Amino acid sequence: MADSSLVGGGEEPEERVIEAALRPKNLHDFVGQHRVRKQLSLVLEASRMRGRSADHVLLSGPPGLGKTTLSMIIAAEMNAPLRISSGPAIQHAGDLAAILSSLSEGEVLFLDEIHRMSRPAEEMLYMAMEDFRVDIVVGKGAGATAIPLELPPFTLVGATTRAGLLPGPLRDRFGFTGHLEFYSVEELELVLRRSAGLLDLKVNSAGFSEIAGRSRGTPRIANRLLRRVRDWALVHGIEQIDARTASAALDMYEVDKRGLDRLDRSVLEALITKFGGGPVGLSTLAIAVGEEPETVETVAEPYLVREGLLGRTPRGRIAMAPAWTHLGYAVPEGVFGQEALALFEVEDLGVEPVAEWLPNGQ
């Protein structure tokens, strides 16, 4: 069975240690995200010139694109200590109050998955971000008293994969908001070149290209695949990694040319061979591949939808034309994805509906 964490979200403790060692330490070394990097550099430089803490920063985007790394870089660029916590760890206002009250002046507080913080903690954070003050409630009922607690100036860096779940009042309190985009293959090759240098690996250009092409546009995955290829080359006594070596290693781990892993291909295979390309409901599809519906929806579907291999419709999931081609099947007439108009719903096109899922309304 394939290592399901290879292109997924899970990381072993040892992997996290290695990943941390590969992180760039300043904006100059950070590859990609040119727009966000340029804007953030200006914000930090202006803050240093004023001799004040930087504005609060909100970073959004898919996992693995560098939100945590950028928080560390912000602290390093401001020559400030960094405190790391996460939304799920702050379920009560008291949890947040304890963290805020222990911050030193200028410290950077990084809150990962900030959208998962509890509502009482969010409301306390409003005042802390705007006025650098929180009210600590002592006692209960009619005898409860709010004691104001002054906080030193600090910089909050929030990270989220679901910016739409953040309340408007919280989003509005961030002075800078940056959205991280998926990386191009060329940018991932630059990431891999830097990592290979730090790991003292010999990789040629074709090897970098092969790994980058299977990395789903995500640096975290690219670095993970590089380490697995390194292991394969070490065991097989290969000194320089080329395209053939990288391909053989990643084929063994069941990561194909488009970055699809075992689960991704199982979902598409089931859609095509068991349900004729769909539509089929999520629960039924999950049973067909032997996984939980949540796993299919959160692990496999985002990448498959982004690549145009799977479609989500009101009636269920469907295999798009490129999925049939990628798995080596002939594309039946009328399968979505063959024409640009097939990407839109009938209501979007403003035309009369035809018989559902049949070509030319037949």
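Note: Cβ is positioned from N, Cα and C throughout, glycine not excepted.
When Arg220, Arg224, Arg227 are compared with the ATP site residues Leu22, Arg23, Gly64, Lys67, Thr68, Thr69, Glu130, Asp131, Phe132, Arg173, Tyr183 in Swiss-Prot, the one appearing in that site is Arg220.
Applying an 8 A CB threshold to same-chain residues 6+ apart, the list for Phe132 (ATP binding site) reads Glu150, Leu151, Pro152, Pro153, Phe154. Looking at Tyr183 (ATP binding site) and Arg317 (DNA binding site), their Cα atoms lie 27 Å from each other. Taking the Cα of Arg312 (DNA binding site) as the reference point, the closest of the binding-site residues Leu22, Gly64, Thr68, Glu130 is Gly64.
Comparing Cα positions, Arg317 (DNA binding site) lies closest to Gly64 out of the binding-site residues Leu22, Gly64, Thr68, Glu130. Reduced to three states, the DSSP call for Leu22 (ATP binding site) is helix.
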